[in-house]
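For reference, TrEMBL has these:
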type: TRANSMEM; residues: 7-27; note: transmembrane segment
type: TRANSMEM; residues: 33-59; note: transmembrane segment
type: TRANSMEM; residues: 71-90; note: transmembrane segment
type: TRANSMEM; residues: 102-122; note: transmembrane segment
type: TRANSMEM; residues: 131-151; note: transmembrane segment
type: TRANSMEM; residues: 157-177; note: transmembrane segment
Amino acid sequence: MTLKRFWVLLFSTVAVGISIGIFYALTGVFGDIRLFFGVEVGGFVAATSLMGFWAYLMLNFTVRNFLPWRYWVWVQILLVGVVFYDMVYFRYLQFSGGQGPLFPYVVFATIPLFWAILVAFLKTRVSGTRSFVPTVFFMYCFTILEWFVALKSGIPSVTHIIGTILMGCNAYVILLLGKMVKPQSQ
């Protein structure tokens, strides 16, 4: 990746985040937020998304030097399962005290997982089938990790705005990566 491609990735990802933030400010889908707040949140969350992406790339690079590919794939699948369990059960305990229906927490944890699987299918069309599990791992586990503070806040509008911006920016970055690292044809 050249420095020019890096800057394109950086600024275009921030532009995606700001665009999603502006969309929410103008439509009022998740409550009445000011335009400046939408721009601000979109930009900051996009930057958080990029930091998570670089952390994922470093983790993937480091682990692949120590573990064979097939073991790393199974570790990623296991971690997706652990994060899903955490999103359901521990949020259920935190917000409802273990009382009431579990179903809303299952739905809330399943939506980002479906989004991760959809993005992974799109990624396999660009990069091949070996990219499916790593894409689901990044799109689900790292999105939840980046989303953690907003999830703990318990404020639905903030949780939804930040979550959708993260999912959009992470999808954009992971789908653009294949095009960014391919050598340019002369």
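Every residue, even glycine, has its Cβ placed from backbone N, Cα and C.
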Establish whether the number of Cβ pairs under 8 Å between the transmembrane segment (102-122) and the transmembrane segment (157-177) reaches at least three, counting only pairs separated by 6 or more residues.
yes
Proximity verdict for the transmembrane segment (131-151) and the transmembrane segment (33-59), three or more C-beta pairs under 8 Å:
yes
Between the transmembrane segment (157-177) and the transmembrane segment (7-27), do 3 or more CB pairs sit under 8 angstroms, pairs being 6 or more residues apart?
yes
Within-chain partners of the transmembrane segment (33-59) [C-beta distance under 8 Å, separation at least 6 from its ends]:
9-10, 13-26, 138, 142-143, 145-146, 157, 161-162, 165-166, 169-170, 173-174
